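These notes concern the structure reproduced below.
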């Protein structure tokens, strides 16, 4: 297996476990470790399809160095939460029920510390994040939303053919737990050869299994945002909450046009879309250091701008 290319500068926290609703979730809380240990806020990270905690180490490390705590968990169907044949097995109900559990856990801790909680989601997690901003139980208690290459619509390069689109709902209904290897598009994910080598040899990442139900549900979740039927976004988006979407302009997995349309439809007075020329799909976790440094700096500036409370010791 090729090594993880990034050298973590802080101390990697231990993976922790928590039982909830029939699953044993692996999660990680990364505290601020920057000399002063003053905390400006916390970011709850929602990973993409088939990802897990280690994929977020570079982002979490940088957040820590810049005064932000972070929290992420391996979703049902991914990582240590769902090993072996349970990988890829989940559905819409569990996605949001599980998320509400961890949102409540983090909100409780952040309120006790007097710090804001932001939500960040990448790809499939970006679609979850933006839908949470519209339908989440605690959507108005989150201080802001950040989407990274969110799954709203697939890029034509990745979109499956019409016959498959037609049969997908039937497969999800009658064979929900049947899994397929969807294939990992390494060139679409990143232009960095070292990260490609790591990901392509990582047993936690390949094969990239998804169940018919999981795949159907995350596609419908994105379509809900893109179609925006009955002004779903305008009527439901968290009141007065800021949102930023950051998307690689050369992303051939999730189409940047989906992000553009969401920002157009979103009623927030504080909304922003940043497109990055030359950047592919995984701009925070797996792209080149040059791309990462640019997007992280933009994210940090956005967080700093929206952090009204003074840093807490």
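Numbering starts at 1 and runs along the chain as displayed.
Even glycines carry a Cβ here, placed using N, Cα and C.
Here is what Swiss-Prot says about this protein:
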type	residues	note
MOTIF	121-125	motif 'GXSXG'
ACT_SITE	123	active site, nucleophile
ACT_SITE	251	active site, charge relay system
ACT_SITE	281	active site, charge relay system
Other CB atoms within 10 A, centred on residue 123 (active site, nucleophile): 27
Cβ atoms near residue 281 (active site, charge relay system) (within 10 Å, other residues, all chains): 27
Surrounding CB atoms that lie within 10 Å of the CB of residue 251 (active site, charge relay system), all protein chains: 25
Assigned conformation of residue 281 (active site, charge relay system) - DSSP reduced to three states: coil
Alpha-carbon distance [residue 281 (active site, charge relay system); the residue listed as 'active site, nucleophile'] in Å: 8
Counts of helix, strand and coil residues, the motif 'GXSXG' (121-125), according to DSSP: 2 helix, 2 strand, 1 coil
Spatial separation of residue 251 (active site, charge relay system) from residue 281 (active site, charge relay system) - C-alpha basis, Å: 5
